[in-house]
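**Student:** The annotation transmembrane segment is assigned in TrEMBL to 7-29, 41-67, 138-159, 179-200.
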Amino acid sequence: MSRISTFYLLAYNSFQTVGWTLSLIKILYNLLATASINGTYASAGNLICFLQCAAFLEVIHGAIGIVPSGVLLPLMQWGGRTHFVLAIVRKLDELQELPSVFITFLAWSMGEVIRYSHYAFSCSGNCPSWMTYLRYTAFIVLYPLGVGPGEIWTMYQALPFIKKKNLYADSFSGLPFSYYDFLKVVVLVAYPFLWFKLYLHMFKQRRAKLYKRHDKKTT
């Protein structure tokens with residue numbers, strides 16, 4: 001990797017680390033100040049929407065080969081999260097005070113602070129072993145927490161509002177199904193299947209990263 005690419009990735013991952021840290025601070029401050037999860041979206045929603053949109057750069061990073069992630073998995077994760085936060089939560093005020101949105105945003109923020117910090121340390125060439133362990137262990141809890149009682153439960157609760165408002169009717173007018181029908185398939189079939197695929201991929205990465213580090217120490 002060239003010095004320019006390394007410097008760019010260090011800057012990008014540092015930027016995302018700061019952004020998600022600020023998001024986490026906003027969520028926790030709102031929780032402590034109000035003794036309630038209400039206001040989570042109002043306090044951090046716009047920032048999270050911006051950071052998630054900016055993460056499309058990671059799809060481009062994989063496409064042009066400056067990171068080894070490829071295109072498909074980053075695109076799946078980016079597409080799922082961006083659809084969730086922009087097309088559903090941001091669009092429907094009725095969802096924004098739900099506990100499932102708080103769970104999602106908290107899990108996302110914690111996970112992304114760890115992930116981007118690890119990437120930034122790796123770009124600097126000096127990643128502590130504890131950071132690598134945290135990166136490939138915290139997801140075991142945070143990932144299913146954010147997806148199950150977070151994203152999937154929020155989308156399930158959104159279905160009655162989407163049906164009532166006939167959301168995105170114009171965009172789906174030329175199709176034999178509505179956005180409501182589309183989201184039901186996403187919630188019941190696509191999301192669990194794709195999530196499980198990504199989850200298993202993370203365990204493969206965990207074995208490769210942690211056992212590789214362990215083998216280096218023992219040789």
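Heads up, the Cβ atoms here are built off N, Cα and C, so glycines get one too.
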**Student:** Could you give the residue numbers and ranges of same-chain residues that sit at least 6 residues beyond the transmembrane segment (179-200) on either side and whose C-beta is under 8 angstroms from one of its C-beta atoms?
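**Tutor:** Beyond its ends, the transmembrane segment (179-200) has Cβ neighbours at 73, 76-77, 80, 88, 143-144, 147, 151-152, 155-156, 158-159, 162-163, 166-169, 171-172.
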**Student:** Give residue numbers and ranges for long-range contacts of the transmembrane segment (138-159): same chain, 6 or more residues beyond its ends, CB-CB under 8 A.
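**Tutor:** 80-81, 84, 88-89, 92, 95, 98, 100-101, 103-104, 107-108, 110-111, 114, 180, 183-184, 186-187, 191-192, 195, 198-199, 202, 206.
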